[in-house]
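Below you'll find the structure, written out as C-alpha cells, and then a few comments.
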Amino acid sequence: MGGVTRISVMLVCLLAGVVFPTRAEDPYLYFTWNITYGTLAPAGVPQQVILINGEFPGPNINSTTNNNVVINVFNNLDEPFLFHWAGIQQRKNSWQDGVAGTNCPIQPGANFTYKFQVKDQIGSYFYYPSLGMHRAAGGFGGLRINSRLLIPVPYADPEDDYTVLAGDWYTKSHSTLAKLLDSGRALGRPQALLVNGQNAKGDGTDQPLFTMLPGKTYKYRLCNVGLKNSVNFRFQNHQMKLVEMEGSHTVQNVYDSLDVHLGQCYGVLVTADQEPKDYYIVASSRFTKTILTGKGIIRYVNGKGPAAPEIPEAPVGWAWSLNQFRSFRWNLTASAARPNPQGSYHYGQINITRTLKFVNTVSRDNGKLRYAINGVSHVESETPLKLAEYFGIGDKVFKYDTIPDEPPANLGTAVTLAPNVVKFEYRTFIEIIFENHEKSVQSYNLNGYSFFAVAIEPGTWTPEKRKNYNLLDGVSRHTIQVFPKSWAAIMLTFDNVGMWNLRSEIAENRYLGQQLYISVPTPERSLRDEYNMPDNGLLCGAVAGLPRPPSYV
C-alpha cells in the first residue's frame, strides 16, 4: 500500500477504524478496546500479559493531524486501569491525559471513553497503561499522526509505514514487580529485549515482522517502550535516514545505528537496496553490563535466503550517544502540522522568565528505596490532583511548590514524601535544567507540551553554560535523556492550561517517586483556555459525590 503519509484523510481513517466524520476537515475515529489478561511467552517463559482485543502489542492508531479520536475502553482486568497517550499534547484537555494525577482509574468491569483531538501535531508516538507497573505486562501500541494532504512533508512518499516497538522485558508479572518496589527493593536486570512483542530465533522458522519490495523506500517508526534501558536500533546491511523525532521533522542525516532512550520515538527511512533476502532489525540495550538483544525479520518480497547470523555491532559508551544527540537538528524549512515552517518559531529570542534546576537523587533510608527530584519524592493521592484543583479542594490534597526551583544546598539522600506539584504562570517562557549525579542514564518526559532540547553536556550546570545552548534549531520534542554525571537543558512556553506530569521514564524511578506535576492555571475559568470537564469524567477520592463546579463559558 503506497503513500501512507499522503493518502486522503478518508482512506487513513478507514484504515484506522470506523469513521463518522462530522466535518470534512476534522474526521472522527472510533475504537472499542477490550482489556484482558492473557498468557503468552514473549521471552520464552509463560507469563501473564495485558491484551487489547486479544493483541500484544496492542493495535496501531493510524490518525491524521486534527483527527478526533474516540476510544471506548472496557476494563476486564481485576484491578483499576488507565491509558496514557505519550506525546499527545491534549491541548486545553488534560482531562484525557490518562495518568494518576489527572484521571480517576477505570474500575474493574467498567468502561470509560477517551475523547481527544490530535491537534496541530504530526509524528510518531505510542500509548501505554500508566498505573502501577502495568506497562511491564504490555498493553502498549503505536500511535501515528500523518500529515494532512495539503501539508507537504520533506521527503518522498514511502512505500509503506511500519511501527517498531522495542524495549527491555521482565518475565515476572507486573504485580510481582510492583510488590518488589513496594517492599523497598529494586527491580534488578530485565530478562529480555523484545521487538514488537517477540524475539526472532534465527532458525528459519521466524515469520517476518515486515516486508519490503526491492528498490522501494519505507518509513519505520522506532520507539523505546521499555522500563529501564536505552536501546540502540540498527538494520542489518541497511542505513537509516532520520526524518522525524517525536513530532518534529529533522535535518535528514544518515545513520548506521540510532540510540533511542526510554519513551522516545524516531522516524527513519530505509531503502530496500540490498540483495533480496531476509535481514534483521536489531535492538540492543545500551550502557548495561549484560547486553540484551532483540531481533525481528525483515523480508524482501520474493527474496531467497535467511538473514546472515552476523548482526551489526552496537556502539560502546555514552560519549558516542552524546555526540549523536548533537547531530540532531530541527528542519527549519519543513512545515509541521500547519503550513508555516517549523523554524518560524524563534525560541532563542524569547526572554526566560523562570529557571528551574532539577536534580535526581536516590534514598535507601531504613532499607527502603525511594527516588526524588530536588529532595521531594512524589506520592500519589487518592484524589487526582487535577480534580482536587478543579473542585476547589486542592489545599486538602496537596501543597503547591513543595519542591524548590533549585536543589537545596545540602541536598543529600534524605527525601520528603508528598504529592509534588509546581505551579507555573500561564504563557511564561521557562528554562529547566535536569542534572543527573547518578551512574545511570536518565530520561525525562513532559506531558502536554513539546520543548526545545537545547543542550546536553557533561558536568554540572552553571549560568555560563548558556553560551553553549543551541538557540536556533534544537529539536522540539517531549522526552530528553540525561547522561551520567551530566546535565540537559530544555526551554518551553507554558501555554497549555491543565495539570501535566513530568516524570522519569525509568519505571522503577517513576513508581518510587521521581516525578512531579505541573499546574498551569488561568484566573478565568474560560473555554478560551481550557475545556470543561467531560460529562463522562470519573470522580473518586475526596471529590466523589461533590456537585460539579459551574461549566466554563
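Cβ atoms are placed via backbone N, Cα and C, with glycine included.
For 35-148 (among others), the entry in TrEMBL reads domain 'Plastocyanin-like'.
What TrEMBL lists as domain 'Plastocyanin-like' is 160-301 (among others).
Secondary structure of the domain 'Plastocyanin-like' (383-523), assigned with DSSP and counted as helix (H, G, I), strand (E, B) and coil, comes to 20 helix, 55 strand, 66 coil. According to TrEMBL, the feature domain 'Plastocyanin-like' maps to 383-523 (among others).
The signal peptide annotation in TrEMBL covers 1-24.
Here the domain 'Plastocyanin-like' (383-523) has a mean pLDDT of 97 out of 100. Each residue in the domain 'Plastocyanin-like' (35-148) gets a DSSP state, and the totals come to 7 helix, 52 strand, 55 coil.
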